[in-house]
Every structure is written in structure tokens, then in C-alpha cells.
């Protein structure tokens, strides 16, 4: 069990209420909003609990009414159907919440039915977008641009309704003219063709865009497939980064031919550098099949010639959830796709493999898992492990094992009652790297009685040990700490508990640094040292944000020879708290400042004890690693300057200052840096292009990587991505408050804008 348990303000709603994004945010669909829990691996906190940043996407205040015709005509038809003498018409109309979303005498249809996260790199900050479907069938896309507030970018239900209205509710011009809205079957058809059931994002693909000068450039795009009640699928194509309505490239509608569709998933397969895609659709009656998707102008994609039926029996077992997992077949020596679907209490699986004979399909069912229907299913895409749960608090772990022909599953029972006590489960989701399992729980039965009140909570369970997480971080192909926050959080928890870095991890990391020298391993080392530093510090005796009502003890602190007293310690604590609050509002808490404060306090208390010596040693190691990472990034910036500037061009980057800073340390001997600096200085031809203070026009010398101070004492913070001085009141910060960066300006060239899009050089976090 991993603390804390997050209590929800409202009950969970929808069929799959829990989803975990690639950028480590958990969305929980509730009756009034989508609660978003963002997991952070905070290096500035000494607490052992998981650090969670909580936001919410509120439900719309007004009900969603689908556009089926002119407003006046729709109002007349509704009145006609409500007062019809035929009870099969009037009762069906009055009780159908799609026709009557406002409900009148019925309970309001508030809350969310489903939510889906896009891949990483889709919004303006390079993070995930959230597609949300409300109970009254409104499909919207939201982005979290400033960390505190979610912004609705587009309402796809409204846009799709307008498209259908303009096309007279026909998918193509060859279709027969539609009937009159006054006919109840036609009224039902128009609602059914725009009532969303599920929506799913594809992976990021590349399209070619033709410029005005007839040149082609590659543009990233993403697809959102929306499954409707009548079996149609709308495939929206968005240009990245997605900013709103203007980023919509196209919308194509596909007829799946499946009656009573219930679930949707993308099938993306790569074989011999050829990518294929399709849409897996499941029905409430049982069948599952793949629908071809023709991706026009998408680079490197091919499509199926005809639909592929994975399961055709109409056995009345509804398909509740579908997951598609790309795997490598060790016997066939090729890639394959594993499709798993929850059907009642069973798991249907299908192995898709392309050989010389064509597409091979192997399928079967896994039985004996649950005594109740499966309410939620999730999959770890790194190793193919599947997790299912039923309402009785039992979770099954299914591990695929390949055989010569197909595969088999080994499954084991995870009893949540041993972790949380007697609980009911409503949804599960696994973290991107498979370190945690998030579970929505309520109280179970006690002495055969149901609880009086239901308290919905999101709780976390570890699925990996510290050793497994450390090994995965060392052998990672991603080489990005931010994308592996769940693994780094396990490592952080272990170090904070044991107050030391395990010897095997230190030795393995030092070997990696010596062998390849990648900055990823240096950032990992910096992360470990920072956590170790936090574990060595004493927890404050009082809450730092709480104001002190005691009088200031100036005379005692100023009197000579008094030594260290409790009053001095209290004053030091208040000074540290005030300094921290000032830093949070201004420049942020710097690890060097907090280190100096704690060290001065410790040395005043009892001299240079072994703990103080240890803290000083760790602090020196942190500064050395930070300086190494800074120098490596400076070399990258200078490389960009050399490639993109002419001899006498006045670049806004303080090139001469960066060169002098790199060469100022006699102990730093990097031949690559010296050669690069020599070429740049030859290009500059003795020109310096210094920065000037915007307040007094004095020269800003480059003596510090964090800030610039002019001769009149004006202090400007430096951008950690370009090392320019941020001479404005508005700038950006990384997610963990490590560094600051300036905003791009219209006059910046493209190569500077690319530099400003980079993550933090210390922790890989995105910048806001």
C-alpha cells in the first residue's frame, strides 16, 4: 500500500472511471467533475508519502442538446412526440435521456461517462490532452496549460452536429434523402448517429504539409476515433500542437456495420518498418472485429483491405473493455499484437501476427478468473501484463507466455482485502511503467451489512520492488526521468526510508556514466543525491507556513556570549520559513540556499558534527553534478549558435559570456568544447555582443549561470535553456521548480524557439 489515499468529493461514474496518462496524471470520472491527480517525484520534499497535485475538470453547467434540425421544428416535434396517443412513442420519448437531457422531473444527467488521454506531446506544453464524454453526450477536449486550470479547447459534439446538419444528415451525397423530422424513426436515427459511446486516441503520426513555395514539411498529427450509437465511427485528425478548432485537419466517418457497439480501441501494428492501423470495435451482443482505417497523407501507414473478424459469435456476452498491446514474438522472431477484451467474467484474447502467408489470427478465452463480471481492465504495455477486477475487491494479474503456436496466460489473484481491508472496487489503472496500480474503492460489507455511506477513494498499490524499479531506470531506452516518474517515486521512497543510496545502485550508475557518459545518467545521479540530502535533514518541529504570534527576541539574539538557545533555533526556523515563502513567490527555493541555512543552523547548534560533514559532502556532489549538466547544455547551445549564425550577426544569446564561463575553470578540460569555442570566436571576429540591463542600459556580465547582475545592482534571472537574461515580469518554470525559462518572442528565429521547447536540464520536467 502506498500512501496517501485520495478521497473523492463525489461518487465515481461511467464504465471505466479510471485512466492513467503517459505524463503521470490519473483521471477519475465522477458525478460532478473529472478529478485529475498528478504524480510528482518531488526532490524538495522530505516526506515519504506520494506527492500528488490535484486539479479538476468541472462538468458543464448546461445540458447538451444534440442538433437534429432547426430549433423551431425540433421544439414542435418534441411537443408532438410527448403528447402522442401512441404509448410506444410517448413513453419511449419521455424516458429516453438522449432526447431529454434536461430531465425535467427526472434526475439530472450530470457527471462523466468516459475519459481518454492522448499520447504525450499533443498540447502546447508537450503534454497529454484529455478527451471527456459527459453523461448527456457532450464530447470535449481539455488542456492543462498553466497547471492550475483546465481549459476547454473544442466541443466536438457541437462541431459534428453542425457538419451533419450541413450534409442533411447523410454520410455521402449518394445516400438516399433523409426522411422528415416529424417521423419518430427519423428523429431517433438523427440522434443515434451523433450519440458518442466511446472515444480513443491513436499514436502520434507524421503527415506532410505543402508550403506556399511548394516545399513539403513533416507535421505531427494525432487521430481521435469516436464511436457512435448507430455503429458509425468519426475519425478526427488534429495537427500538433493542438490549440483548438483551428488545429482540426479533417473528419471522416466510417460505417462499422456493428449493431449495438459498446467499446472501441486502436490497433497499431508495425512489420518490417511498415505501419498498419485499424479500429477494434466490440458489440454488446458479443462480436469483435477490426475495421480498416484509410489514413490519407499519413507517412508510412498502410491499411487493411477488408475487416478482420476476431470473434463472431452472438453469445450475448457484452464486450466491456478492449486493450491492444504490441509485443515481440520470441519464437517467430517478429512483432505481434495481443488484443484482450473483457466479456462478462471472462477475458477474450486474440494474437495477431503477420507472416508470409498473411495475417494469422489465434484466439481463445481465459475462464475461471472472477465469479462476478469484470468491471475494469488495464494493461501494462511494457511487458503485456493484464489486470482485471470485479466489484468484490479481487484483482487478477494475467501474464502472457508465448508458445510455439500462440500463447497462454499465467494468472494469479491479488486480494485487495489483504492491503486495504474489506472493500468494493469500481475501477483500476496501471501506471505507464508498471510500478503502481491505482484502484477506486468504497467500504465493503461488515458483518454481512452494507455500509450506510459510501466514501469513494483512489488508493495506490506497488507492483514492483525497489530493485526492479532501479534496474528498469538503469536499462531504460526512454532516458527521460519525467516519463518514468512512477519508477523514480519508488526509488525516492526507498532512499527516504533507509537514508542511504544502496551500494549496488551507486556502482551500477557509476559504471553507466563511465561507459556511455549520457546526460540521462548524470540527471539520475543528481536525483539520487537530492533525495539523499532530503533524507538527512531534520523535519521542522513546526509547520513552516503557520504564522508565529510570539514577539521577536531581538535582545537575546543580539546579546554576546549567549550561545545557541531554543529562541535562536525558533528564530532560525522563522527566518528559513520567511526565506522559503519569499523564494516561492519570486525566484523559488534554491537547494544551495536551503543547504546553507540548514548547515549554519546545525553548526550553531553543536559544531561540525558527522551529520554536518555528510551534508556538506552531499551538497558538494550536487553542485558538481549540476555544473557538469550545465556545461553539457552550454556546449549544445553553442553548437546551435555556430550552426545558425553568420559572422557578424548579433545573436541575442550571450555567446561570448558562455564561452568565457566555460573556459574560466582551469580544471575543466574538454577538447570538444575548446574546439567549438575556437570556431565560434573566429566567427565572431573580436565582437562581444554583450547583454544590457533594460533599466539602466549598463552591461550585464556573464559571471553566474543562474542570474545576471549589472553594475547598478539590478538582478535578472537567467533562462536555463538559452542563458539569456529574463528581463520581463513573466517567465516560465519547470514542473519541479528547478529552473526558469523565458517565453519565446515573435522575433526569435526557429532554432531559438526549438531550444525554448526543451525540458529542464536537471530533472527532464516540462516547463510552464
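Every residue gets a Cβ built from N, Cα and C, even glycine.
Looking at the domain 'Transcription factor IIIC 90kDa subunit N-terminal' (20-464) alone, the prediction's average pLDDT is 91. The domain 'Transcription factor IIIC 90kDa subunit N-terminal' annotation in TrEMBL covers 20-464.
The domain 'DUF5921' feature in TrEMBL is assigned to 465-542.
Among the features that TrEMBL reports, region 'Disordered' is placed at 555-608.
The compositional bias 'Polar residues' annotation in TrEMBL covers 574-583.
Under the heading domain 'Transcription factor IIIC putative zinc-finger', TrEMBL lists 685-735.
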Counts by DSSP class (helix H/G/I, strand E/B, coil) across the domain 'Transcription factor IIIC putative zinc-finger' (685-735): 0 helix, 15 strand, 36 coil
Counts of helix, strand and coil residues, the domain 'DUF5921' (465-542), according to DSSP: 57 helix, 0 strand, 21 coil
